[in-house]
Amino acid sequence: MGKDKKEEEAVFLRKKITLLRAFSLLIGSMVGSGIFISPKGVLKNSGSVGFSLVVWFACGLLSMFGALCYAELGTRITKSGGHYIYILETLGPLPSFLFLWAEFFAIRPANSAVVSLAFGRYMLEPFFAPCAAPVPAVKLVSLLGYYMVLTLNSWSVTWSARLQTALSVIKLLALALIIVPGMMLLAQGHTENFQDAFDRQSLLLDKLPLAFYAGMFAYSGWFQTSFVREELVRPERNIPLAVIVSVITVIVGYMLTNISYYTVLGMQDVLASPAVAVSFVQRAFKSLISVVPVLVALSCFGTMNGGIFTFSRTLFVASREGQWPPLFSMIHIRRHTPLPAVMLMFPLVTAMVCIGDIYHLMNFFSFSRWLFIGLATLGLIVHRHRHPELHSPFKVPLFIPVSFTIICLFTVAMSFYSDPVNISIGCTMVLSGFPVYYLIIHRQMSTRCRSPFYYLTHKLQLLLEVVQQEIKTY
């Protein structure tokens, strides 16, 4: 009895993510704003309907390769933290810190801002149709939605996971409401928008990396279980099973959704639409004109929830590894949530929502994201070479991490030519982490000196009611 009480009062992150919740986390993170805003970006940068569908399928296949690599990494490396911990354990502290630096100042706030803006746009669309919603109103609603998710993740892990499960069902319902009428019209012979689908004269080879960035943004989320590895029930079994089933489900759903879009909307209609799903409903299913935008907004809400839920674990693990201020490895004494890590994104996301544009933000953060994902899968190859004796319950053929790494790094290199301004800003953001690492992090880790933020950390610890996680062996 005493042991049970001590177990209940101990402060650590519990294993509360079952197979169903892992599947919901992945579906809820992948199916969000991307499928409702990326079709325009993919089509614009691929040049034709046919080539855009090829890009969508290629992005799905590439995502499956990446997901399989991360599933093996998740069975080899038993810590939470996703990209960060995989790069740290395989390539060392400097590249892992550069990832952390870029993730905090560029990747995650820009990604969260994109999803938040999509949430605000679709939430207001029924009230202003057929006109576009005012930009200040969109940004205000975007921030309100983000703050609601932030509060929920600060309050309870269980309720965040339950909400993710419920919203995953809503996401699939939103896709079904687009797929079904589109397939019905296609079956009736409405194929006029697919004439000359593969027009080679319109193919934009120099813009293809940006088309892939838009498509991969829509699929992004297949790596989310790696961020919460320590909170997963039976991770050796559930990580591979969850990623394989969820990615296949999303690939099929996305292909059918895009075919439905093009069945109803012509190429110029998609390019001119600020909200493709709303334009689709206006043409195909007017009786649902006020329902679908709300379902899409809820899909974006789920993606925000999944993003905050997982990124807070990255900061938590980085702090625990000594590369981030110690406050962010602390847990609320009653809620058992990583409260400081959850709240840290508040100012940066707020700033990017206020000043940013969806498509510029997408290109800005995609460079850094895919650079480090490519490095993480390169790390899998390195880890295999260094530890041939290590038994992994899940192992992928070598050509999968090799081909995925090459494609990621090649796309990153090509993007400098496609969008030099935004990509250069992203590159500068990554490189700016070098002096910070050598002046602060490396020196602190080498000398084992006390953090310069010790006294401030102590005061904030008392204010937020957080303590260091107790070491827990499951």
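Any Cβ shown, glycine's included, is placed from N, Cα and C.
Record features (TrEMBL):
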TRANSMEM  20-37  transmembrane segment
TRANSMEM  49-71  transmembrane segment
TRANSMEM  83-107  transmembrane segment
TRANSMEM  127-149  transmembrane segment
TRANSMEM  169-190  transmembrane segment
TRANSMEM  210-228  transmembrane segment
TRANSMEM  240-264  transmembrane segment
TRANSMEM  284-304  transmembrane segment
TRANSMEM  339-361  transmembrane segment
TRANSMEM  367-384  transmembrane segment
TRANSMEM  396-417  transmembrane segment
TRANSMEM  423-441  transmembrane segment
- Out of 20-37, 127-149, 367-384, 396-417, 423-441, which stretch has the largest tally of CB pairs under 8 angstroms to the transmembrane segment (210-228)? 20-37
- Can you find at least 3 Cβ pairs under 8 Å between the transmembrane segment (396-417) and the transmembrane segment (240-264), where each pair is 6 or more residues apart in sequence? no
- Message: Before we move on, state whether the transmembrane segment (367-384) and the transmembrane segment (423-441) share at least 3 Cβ pairs under 8 Å, counting only pairs 6 or more apart in sequence.
- Response: yes
- Task: Tell me, please, if the transmembrane segment (49-71) and the transmembrane segment (169-190) are in contact, taking contact as 3+ Cβ pairs under 8 Å between residues separated by 6 or more positions?
- Result: no
- Message: Can you work out which residues elsewhere in the same chain, 6+ from the ends of the transmembrane segment (169-190), have a Cβ less than 8 Å from its Cβ atoms?
- Response: 27-28, 31-32, 35, 253, 256-257, 259-261, 263-264, 277, 280-281, 284-285, 288, 291-292, 295-296, 298-299, 302
- Message: Short question: most Cβ pairs under 8 Å with the transmembrane segment (423-441), which of 20-37, 83-107, 240-264?
- Response: 83-107
- Note on the structure: Sequence-distant residues near the transmembrane segment (20-37) by C-beta distance (under 8 Å, 6 or more away from its ends) are 114-115, 118-119, 122, 161, 164-165, 167-168, 171-172, 175, 217-222, 224-225, 228, 232, 238-239, 242-243, 245-247, 249-250, 253-254, 257, 275-277, 296, 299-300, 302-307, 309-310, 358
